[in-house]
Every structure is written in structure tokens, then in C-alpha cells.
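Over in TrEMBL, the protein carries these features:
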| type | residues | note |
| --- | --- | --- |
| ACT_SITE | CYS121 | active site, glycyl thioester intermediate |
| BINDING | LYS20, SER43, ILE44, ASP65, ASN66, ARG67, ALA68, ALA69, ARG70 | ATP binding site |
| BINDING | CYS106, CYS109, CYS384, CYS387 | Zn(2+) binding site |
| COMPBIAS | 544-555 | compositional bias 'Low complexity' |
| CROSSLNK | LYS112 | SUMO1 cross-link |
| CROSSLNK | LYS138 | SUMO cross-link |
| CROSSLNK | LYS184 | SUMO1 cross-link |
| CROSSLNK | LYS205 | SUMO cross-link |
| CROSSLNK | LYS363 | SUMO1 cross-link |
| CROSSLNK | LYS574 | SUMO cross-link |
| DOMAIN | 395-482 | domain 'Ubiquitin/SUMO-activating enzyme ubiquitin-like' |
Amino acid sequence: MSATSTASSFFRRSMLASLKHRWPRRAPCSFCPTANITAYHDSIMNPDYNVEFFRNFMLVMNALDNRAARNHVNRMCLAADIPLIESGTAGYLGQVTVIKKGMTECYECQPKPTQKTFPGCTIRNTPSEPIHCIVWAKYLFNQLFGEEDADQEVSPDTADPEASWNPEDTAARATASEKDGDIKRVSTKEWARSTGYDPVKLFNKLFKDDIMYLLTMDKLWKKRKAPLPLDWQQLENSAYPQEESVGSGLKDQQVLGVWALCQLFQHSVETLRSQLQEKGEGAELVWDKDDPPAMDFVTAAANLRMHIFSMNMKSPFDVKSMAGNIIPAIATTNAVIAGLIVLEGLKILSGELESCRTIFLNKCPNLRKKLLVPCVLDPPSVNCYVCASKPEVTVKLNVHKTMVLSLQDRILKERFGMVAPDVQIEDGKGTILISSEEGETETNNSKFLADFGIRNGSRLQVDDFLQDYTLLVNVLHTEELERDVEFEVVGEAPDKAPPPQTNQEDVNSITNGNKDSAQPSTSSKAPAQDDDVMIVDSDEEEGASSSSAAAAAAATSGTKRKHSDAETGETSTKRPRTVQSSEAAAPTENDDDDDIIALD
């Protein structure tokens, strides 16, 4: 009851424009005034929420929306030896599972595929898919109204290697100066400010002048269809104003015509300009999928670019799903999953951990007429680099090209989810490569790993004291990595499904179960005190991640599904298990190729 009411409250008009973390507290307190619930609005990564903080609780219930936060909470609960209930939803699909140190798989036992990325020259010069145009439009928003990032430049890339037949020509383009006839580059934001954010001038610059400049790189269009520039004045005087939206149903599910997109672009730029002026000099806007002007801007800019590059345009609903990294939330699904979280929590509080289950919610009933499919919990993976007794991993990289800063940010923080890593080289001298203490090793950041004697076979001991986590990294030097790939984690192949195995429990009791998967709990009955509830609302929405709700449809096809990121459209590589063929297959939500779908 309480879980259902709390989940449903997020879909009421009364919660709009208010902080999200207040509602899970307010809903249960409204019908149980004696409940003692404290709500925090903060990042769960804050050092204040250390291992001792987590030990204050008898269990943790996760409803986070990005992988980084989930990885962190998983490690904190393992370090504190506190049961964690993971959950996630994706449209009509959902999942709940329980994680207990030494008894079950942790959230990171199964590798998850890396989010798809796109080369900058593809985004700027030769988009071939709608997602390329949507990413470009989000970059454009930041270039015009937000924090500028050199890696998110939207102007044509003159150094695109495809634009020339030989390296010398490419280098000449990249280093061209005013003497060579090139115009000195001014940042997109500076130019926009100089025009007063005039929508028509912006339109002609982005969709006419830049496209015409792209056409001068004739080598790009030898085997591609050339883009078609758009001119505001010509569109205004043409037949485009008589265009109608394409499609039926709700307004946001209709594909707008070209002139309607022009008007949407104009209106959104004017609104965003006003917001920027209200904030004052030097202010910046942050793109938010739930901010109508920001969403309108991305919808218009992305679709206009799709039209220019001869792609089928997308409805506002589709653009939001891709740009906002979301699968649209469904109140009923969230309510069901919230209720299941509570039921699993009651088992834990009653000291019945051995009876906990992973439960999948399907979109359609299977042939047994069941929407909910329970599975026994799997034991920890002996190869997990988080919950194994001695976590160890091998990373393949080029020690002559990988900088210390890349090791810290791209590998340890982004790939392995650490917050404040300390790195020591096992070279007999205890050389400190990276320190979490500010200023101690910053001079190392711009140096290559080889500069510190790191070579093939070197070992790095990495500690994150906040997470109480130690990882041994074996360095495997190679000069044969694919283009644009900085490193590889050896032994992982998340995009390839392993061969099936036939272990299964009696399907009359639990579908898709493995009788060897769960061991009896050794924990004693939970004490009755300290039953306060803490809710943390994380501000970090980078694309991150959720439990494997996106994989839930697989249960009806007889394949066991394990942890994946429903909010990023990422599925795990857990070995599928064969069960009775009478299980009916349910279609997967948003099973397209954008790989950055996530749930809010």
C-alpha cells in the first residue's frame, strides 16, 4: 500500500516543479503520521555517506537512475555488509533483486556493455542515423546556452580524415590560417551572443552556411548522398508553411513538418535567450529533458538536421526518449515494482534472506498466465572484480599513449566506478602514481604511464577508501587497439551471449530457477531497533543506470535475465538458462540501436 502510493505520487500534477526526494517521504507520512522518515537532497557520492553511514541501516532499497550511483551503492553495501534491494523499470518491464555479501551476485558481477559512442567527425560532418543528429542538437544546446566543451563542437570538422585523400591535405586543413583563406574560428557561443541570439541568423548559420561549407569537402560525398542546405527566407516563401504534421495519436507522437520545425526552433531560441538573460551575465543553462524549451530546441534542431541529411524525422516523443536517455515511465509498473521491493524488504527484516528472489515483471502474461516470474538468487561470481575475495582485473592499453589522467578518469572512475582512487605501482618502491589528496600528484596527470616505468605485466594496486574497495590492475601493453579505443578490459565480451546451459530448478515451483543458485542464509534475525528510513535523491543523471528491467522480457522466452541497465538500454551477459519451451516471448521495449535509453 505504502509503496504503491509513493510510486504513484510521482505522476501527480502536485509534484511538478518540486524536489523529487520529498515525495517518497510525504506519501507514506500522509497516512502514517508516526513514520520516522528523513529525506536528503544530495549526491550519494558525498563522502559524508561513508561505510559507517550505511551501517546505520538494516537494509538499503535502490531506485537510482544511473550506473555510476548504482555501482557506488553496491560497493558501499558490500563494504558495510548490509543487504541491498536493487530495482529498475523500463516501460512495462521491471525487476527486483536482492544483493547480500557472500551469498548472492552483486550488481557488478555481470559485465554490462559500454554505452555506444560516436566519433566527433561523424556527429559534425557525416551523420547517418537520427541519433547522430540528436547528439549534435544536444551538443549545440551546450555550445549556445550551456557550458562549452571543446569535444562537443558542432561546426564542420575541417580535419576530418575522410575529407582528404592524403594525410598532408588533412594536416593542411587542420592548421589552415587566415592567410590560407580560412576564417579565424570564433566560438559558437561568442558568435551567437554577437547576433543577440537572433533565431533566423542562427538558423541560416547552422542549416545553410555550415552545410554549404560541408559540401566543399567533396571527398566526403563521393559515396554518400550530399546534404541539402536550408534557407529561412526560401522556406518562409515556399509551400512548406502549408505542411501538416505526419502521424496520428497524441500531439507529441506526430512528426512535424519542416516549417513547423523552423517555427519551433525560433520560439525555443527566443525562450532560452530570455532565460539566459534573466540569470544574468555569465550565466549558463543546463539541458533538462523535462524543460519544454530545451526539449523543443533539441527536437527542432535534430529534425532539421535529419531532413538536411535525408533521414526520416522523429516525433518529439521519440526524440525525448533518445535525447533524454529514457524509456517513458509508466506509473503502474513503478507501483508494482515498489510493492515488490517492500515484500522483499519484509523478508529481509524477518530474517528470511534465503526466501528472497529476483522477480521479473513482464509486459504480457506467459503461457502460464503469469506476469511475475520469480527466480532464485545466483551466488557471487568468482571472477567479479568487486565482490571476489581478491578483486583483480587485466586492462589492455598502450602505456606510451595512455596518460595518468586517462587512467584515473576514463578507466578507474568511469569504467570501474571509483570515486577517489589512490594508485600505487607494485615496483618494489611503492611509487604513488595517483593520490586522492588534492594537489599531491597533479603533476603526473599529463605524463604517460611509460614515464613511470609501467610496462607489459606491471601491476597497480588501486584503493578507494570511501568505498572501502581495493582492486589489483594488471597492465597488458599493446599497440594494436582499434581506432578510437583507449583500453580494453580483458576477458569481457558483454555484447556476445555465452552458450546456454541447462541447469534449472523444478519449474513447477519457480520458473527459470537454478537449485544450486541460492544457499541458506547464515544471518540472524534482524533486530527491531534502528528502523528509520533514509532517502537520497541523486542529482547525477548522466546516463547512467538501473537494474535489468530491460531484460525482463527474456523471461517469457525461457532465458534467465540478470542485472543490466534498464535506464540505459543495456543488458548483461549472464549465461541464459534453458527452461520449458512453453514460456511465451514478450517483445522488448525500445529494442532499437541507440543504446542510450534510460528510465527517469
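Yeah, the Cβs are placed from backbone N, Cα and C, and that goes for glycine too.
TrEMBL feature annotations superimposed on the structure.
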residue	record	Cβ contacts under 8 Å, 6 or more apart
CYS106	Zn(2+) binding site	ASN74, LEU78, ILE99, PRO380, CYS384, VAL386, CYS387
LYS138	SUMO cross-link	TRP287, VAL298, ALA323
LYS205	SUMO cross-link	TRP191
Output field, Zn(2+) shell: CB within 8 Å of site CB centroid, site CYS106, CYS109, CYS384, CYS387 dropped: LEU78, GLU105, TYR107, GLU108, PRO380, SER381, VAL386, ALA388
Nearest-integer angstrom distance between the alpha carbons (Cα) of LYS363 (SUMO1 cross-link) and ASN66 (ATP binding site): 23
Protein Cβ atoms within 10 Å of ILE44 (ATP binding site), excluding its own: 19
Fewest other C-beta atoms within 10 angstroms, as judged across ARG70, LYS112, LYS363, which are the recorded positions: LYS363
Cβ neighbour count (within 10 Å, all chains shown) around ASN66 (ATP binding site): 21
Whole-number mean of pLDDT values that fall within the domain 'Ubiquitin/SUMO-activating enzyme ubiquitin-like' (395-482): 92
Shortest C-alpha distance to ALA68 (ATP binding site) - which of the recorded positions CYS109, LYS112, CYS121: LYS112
Inter-residue C-alpha distance, CYS121 (active site, glycyl thioester intermediate) and LYS112 (SUMO1 cross-link) (nearest angstrom): 27
Recorded positions listed as CYS121, CYS387, least Cβ neighbours within 10 Å: CYS121
Those binding-site residues listed as ALA68, CYS384, and which of them has the most Cβ atoms within 10 Å of its own Cβ: ALA68
Integer Cα-Cα distance in angstrom, ARG70 (ATP binding site) to CYS109 (Zn(2+) binding site): 13
Whole-number Å value for how far CYS109 (Zn(2+) binding site) lies from ILE44 (ATP binding site) (Cα to Cα): 21
Residue pair ASN66 (ATP binding site), CYS109 (Zn(2+) binding site) - Cα distance, angstrom, rounded: 17
